[in-house]
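Engineer: Have a look at this one.
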């Protein structure tokens, strides 16, 4: 992903498609520059103000970096160890966590350190690698969010068709395809990324495109492929999902009241909570099927369990309607969490996409408007996308919170508590009635009927 780089203390060789800093047509890499905060001459800005801004930037970078590393590592460990969380949706969330971790590890240090040191000291290989890995990470995150939206749409609106292909093996193939496609899409970054001297003992990692037209075409291409088209696809998918869930909840509510009145009139008994019939809701069909987890995500069950579930389907009743409604509510919670993830992702990346496109078509105007604190905030906001997902999971995913607690308990088991010994002048504890009953039952069962 291409980010603007602005440098206050260095003047580039002149304008052009690969020119540096405050000149028109600059196209620079994710702020891993010798940049400070503004294109103004250093003497105009007070030393105290610059030191304060630098301290704030370092603090924010450190917080975002630590939260990204810790949070995404936690997601990877929890989703890897918890068998109950091995759903198709969580497979894509695992890939999303890996891409966010890659963004934090491969890009953040090489963004902050050159800003502190005033020059890029890591060489051409690191320069090209950082540019490439950042683009791959952003592309993988976007494609994973699109895959999650389509998977949720299929699971909720087309459940019968979805169960044919909605397996973890198919999800693994889709995830592999997203990584390969992202890797191919971002090949121009290492090709056109160079380390260029821009002053005495000052090096800068930057993109040097063949012409301004190529740079404009590339910016528009990324804007369409990684922002507008995915945004439209996800908006349509989640809109249809929300409509289906609303109609499903209303349908089950009406069915529940009708079934209860019918059972009361006929003197029937409530049924179980097994799979129910398919019903039509606004063009989307919903079915409650075996193998669906409580969070509304499909899990793979052995074939024997599926066959046994089919053979032992209980009679429909009020309990079945309530179970269907509970499953719909669980799906609604999952979709709400996924919507928050999508909104936060686009909120974090919309400013940098807009800034890159603006700079590609109007370099001087973009630099005048964005130099200083605005571009620093835009850079930090784009990196913050790597640490928001763990927070969303912890606050909105009850099962993920429980899995985190279980993982921590497994890694740090508590020592067994020693029973307090009775004092010499105390009587031994008297067994309770329940203990005596269990003892008598065990004795009788062991000895047999006389």
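Here the Cβ of each residue, glycine as well, is placed from N, Cα and C on the backbone.
Keep in mind it's a predicted model, so treat the numbers as computed, not measured.
Positions annotated as topological domain 'Extracellular' by Swiss-Prot: 1-57, 110-131, 190-219, 359-376. The N-linked glycosylation site feature in Swiss-Prot is assigned to 7, 30, 36. Positions annotated as transmembrane segment by Swiss-Prot, on the basis of sequence analysis: 58-79, 88-109, 132-150, 171-189, 220-242, 337-358, 377-397. Marked as topological domain 'Cytoplasmic' by Swiss-Prot on the basis of sequence analysis: 80-87, 151-170, 243-336, 398-450. Annotation comment: Swiss-Prot describes 127-205 as disulfide bond, evidence class sequence analysis. Annotated region 'Disordered' per Swiss-Prot: 258-277, in sequence order. Taken from Swiss-Prot, the feature S-palmitoyl cysteine applies to 411.
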Engineer: Take a look at 88-109, 132-150, 220-242, 337-358, 377-397 and tell me which one has the most Cβ pairs under 8 Å to the transmembrane segment (58-79).
Structural biologist: 88-109
Engineer: What's the most sparsely packed of the recorded positions 127, 205, 411, counting other C-beta atoms within 10 A?
Structural biologist: 411
Engineer: Out of 88-109, 132-150, 171-189, 220-242, which stretch has the largest tally of CB pairs under 8 angstroms to the transmembrane segment (377-397)?
Structural biologist: 88-109
Engineer: Measuring Cα to Cα, how far is residue 127 (disulfide bond) from the residue listed as 'S-palmitoyl cysteine' in Å?
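Structural biologist: Residue 127 (disulfide bond) and the residue listed as 'S-palmitoyl cysteine' have their Cα atoms 38 Å apart.
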Engineer: Kindly state the mean pLDDT of the topological domain 'Extracellular' (110-131) in the predicted structure.
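Structural biologist: Mean per-residue confidence for the topological domain 'Extracellular' (110-131): 89 out of 100.
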Engineer: Need a quick answer: max count of Cβ pairs under 8 Å to the transmembrane segment (132-150), which of 88-109, 171-189, 220-242 is it?
Structural biologist: 88-109
Engineer: What is the interatomic distance between the Cα atoms of residue 205 (disulfide bond) and residue 411 (S-palmitoyl cysteine), given in whole Å?
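Structural biologist: Roughly 42 Å, rounded to the nearest whole number.
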Engineer: Go ahead and report the DSSP secondary structure tallies for the topological domain 'Cytoplasmic' (80-87): helix first, then strand, then coil.
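Structural biologist: In the topological domain 'Cytoplasmic' (80-87), the DSSP-based counts are 5 helix, 0 strand, 3 coil.
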